[in-house]
Ligand SMILES: Cc1ncc(COP(=O)(O)OP(=O)(O)O)c(N)n1
Ligand SMILES: Cc1ncsc1CCOP(=O)(O)O
Ligand SMILES: [Mg+2]
C-alpha cells in the first residue's frame, strides 16, 4: 500500500481480498497472477478462515512472491504473528481480533497495520490517531463473502476523505457494476473479493474493468 501522501495525490486503487479457502495454492497462484496482470492492484490480502497455520504458511509462501514480484503489497488478515513470521508487508485486524496497539507492537514500525472500523467515525479517528496505516469502512453492499456485516453509508467516506490524510478502504459487496459512487465518495482503495473472483468473465477481466473505472475517475 502506498503512503498516505502518495495516496492523497493519486486515484482510487484495488485492494484484492483472497477467497476464504484456497485448496491448492499453486493452482490458485495462476489465478492470482492473471488477476494481478489484469490491471493496477495496490495490495492483496490473504484472508483464509478456519484453516491451520500450516495451510496459511503454505499459501503465503506460494502467493507472496507472486505479489511482491509485481510490487503488490502482501497483507495477512487477522494474524500479526504470522505477518512477521511469513514476512508479509502488513496485517489487517478487525475489532474482534486485537487492538491496534497490540498488532503494532507485534509487527513493528515497518510493516503496515490496517484496522476495520465498520461504520464508526469514532473507531476510525481512534485508529488513525494511534498510527494505523489505513482505516477500513464497510460493508457498503450485501456481501456474499461475509454474511454478518455492519451496513455503512457513503457519507462516511466523504467525511473521512475531506478531513483526514490517512487512507480509507471501502469494503463489502463491491463490484465493477456498483463501485462508481464508492469511488466518487472518496475511497482511496476498494477491497474486493467476490467482485473479482466471481466475475462472469474471470478475475483478470474484473481487475481490468476496475482499473478502467479508476482511470476514468482520475
Ligand atoms: C481491508 C479489510 N477491511 C475489513 C476487513 C474485515 O476485517 P474483520 O472485521 O476482522 O473481519 P474478517 O475479515 O477477519 O472476517 C478486512 N478483512 N479487510
Ligand atoms: C471481510 C469483509 N468485511 C466486511 S465485508 C467483507 C467481505 C468482502 O468480500 P466481498 O468483496 O466478496 O464482499
Ligand atoms: Mg479479522
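Every residue gets a Cβ built from N, Cα and C, even glycine.
The annotation domain 'Thiamine phosphate synthase/TenI' is assigned in TrEMBL to 14-194.
Look at TrEMBL and you will find 45, 46, 47, 48, 49, 77, 116, 146 tagged as 4-amino-2-methyl-5-(diphosphooxymethyl)pyrimidine binding site. Within 10 Å of the C-beta of residue 47 (4-amino-2-methyl-5-(diphosphooxymethyl)pyrimidine binding site) there are 19 other C-beta atoms, taking all protein chains into account.
The annotation Mg(2+) binding site is assigned in TrEMBL to 78, 97. The secondary structure of residue 78 (Mg(2+) binding site), as reduced to three states from DSSP, is coil rather than helix or strand.
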Close-lying binding-site residues around ligand 2 among 45, 49, 77, 78, 116, 146, where CB distance stays under 6 Å: 146
Listed binding-site residues adjacent to ligand 3, that is, members of 45, 47, 48, 49, 78, 97 whose C-beta is under 6 A away: 78, 97
Binding-site residues (49, 146), the one with most neighbouring Cβ atoms at 10 Å: 146
Alpha-carbon distance [residue 97 (Mg(2+) binding site); residue 116 (4-amino-2-methyl-5-(diphosphooxymethyl)pyrimidine binding site)] in Å: 10
